[in-house]
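**Student:** Taken from Swiss-Prot, the feature domain 'Radical SAM core' applies to 44-262, supported by sequence analysis. Residues or ranges marked as [4Fe-4S] cluster binding site in Swiss-Prot (evidence: sequence analysis): C59, C63, C66. Annotated [2Fe-2S] cluster binding site per Swiss-Prot: C103, C134, C194, R266, in sequence order, evidence recorded as sequence analysis.
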Amino acid sequence: MSASAIATTRHDWSLAEVKALFQQPFNDLLFQAQTMHRAYFDPNRVQVSTLLSIKTGACPEDCKYCPQSGHYNTGLEKQKLMEVQKVLEEAARAKAIGSTRFCMGAAWKHPSAKDMPYVLEMVKGVKAMGLETCMTLGKLDQEQTLALAQAGLDYYNHNLDTSPEFYGSIITTRTYSERLQTLAYVRDAGMKICSGGILGMGESLDDRAGLLIQLANLPEHPESVPINMLVKVAGTPLAEEEDVDPFDFIRMLAVARILMPKSHVRLSAGREQMNEQMQALAFMAGANSIFYGEKLLTTANPQADKDMQLFARLGIKPEAREEHADEVHQAAIEQALVEQRNSELFYDAASA
């Protein structure tokens, strides 16, 4: 691969091009992905995050993969929004074991007005500890997005899950365009985007390629791209889906790395089902971020000490916390606020 090819970041990928990447011989694909990875990252550093469920279960969405959906009987005990102090205690614990980013997830269709003040206090408190902050709260409106940005939220997670064509087979309570709109609000507010998808839901190769195309062809690539392997939970409609071929999963990571060379590609849900050899291949394919700890929201994750033992055997070290230019972040927020105020001054006759 030429130096000029490595330096080019694209936003115009076609389905034919991406499928051709998937269909390369395995070794060729991994070589291309690893070459791209080394052009932008230290191949022996992996970003480490901890994920905490701050509100569990009884979600009104009908995502067929999710044990938190109120539509399915999975035996999951629902819990109300966690107290702010408890969240901060968990964040301190995460920092103590080596995490540099603390992600907070709530099983909501969207956050309510009464819950937003508590959510904002969580962001401010975790940020004050010196951790990067990330949240996944469902769909956001512009006002909520700006409030999160002003509180200091670094990343917002909102996955696209799959291709637009397959999406309706998995979720009916939220549209694909609504997901894209939330991502646009997040970007306009000056925050960073975490967005990816899930393998193993019965999707085709075209759907896997289509998901990556949606992400890679955004105006700016997501800074973080979580690639999840379906965790099959009894009671959900996808509990009996066939397992993903491990090599197909590695191919997905490799193609994500090639399409979005500057993004962190996260080895996310399903890592509990992966042996050490598969995880090592994932890092070779360009994965450079993991969730660290015992749970991913409601499903098991490899224990923290096992992760560090594997890192030691592979010569991998946790990535240091990314330092943000606060003045740049603040400038983006201020610009977004100005644009919102300006838009409120104009009456749209077409909407009447």
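Glycine is no exception: its Cβ is also placed from the backbone N, Cα and C atoms.
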**Student:** For C59, C194, listed as binding-site residues, tell me which one has the smallest number of other Cβ atoms within 10 Å.
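**Tutor:** Fewest other Cβ atoms within 10 Å, among the binding-site residues C59, C194, is found for C59.
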**Student:** In which DSSP state, out of helix, strand and coil, do we find C66 ([4Fe-4S] cluster binding site)?
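**Tutor:** The residue in question, C66 ([4Fe-4S] cluster binding site), is coil (DSSP, three-state).
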**Student:** Within 10 angstroms of the C-beta of C134 ([2Fe-2S] cluster binding site), what count of other C-beta atoms is obtained when all protein chains are considered?
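**Tutor:** Total other Cβ atoms inside 10 Å, all chains included: 24.
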**Student:** Taking the Cα atoms as reference points, how far is C66 ([4Fe-4S] cluster binding site) from C134 ([2Fe-2S] cluster binding site) in Å?
**Tutor:** 20
**Student:** In whole Å, note down how far the CA of C194 ([2Fe-2S] cluster binding site) lies from the CA of C63 ([4Fe-4S] cluster binding site).
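**Tutor:** The separation of the Cα atoms works out to 19 Å.
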**Student:** Which residues, same chain and not among C103, C134, C194, R266, have a CB within 8 angstroms of the centroid of the CB atoms at the recorded [2Fe-2S] cluster site?
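**Tutor:** Other same-chain residues with Cβ inside the cutoff are S49, L51, R101, T136, Y155, N157, S224, P226, S289, F291.
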**Student:** C63, C103: which of these binding-site residues has the highest Cβ count within 10 Å of its own Cβ?
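**Tutor:** Of C63, C103, the one with the most crowded Cβ is C103.
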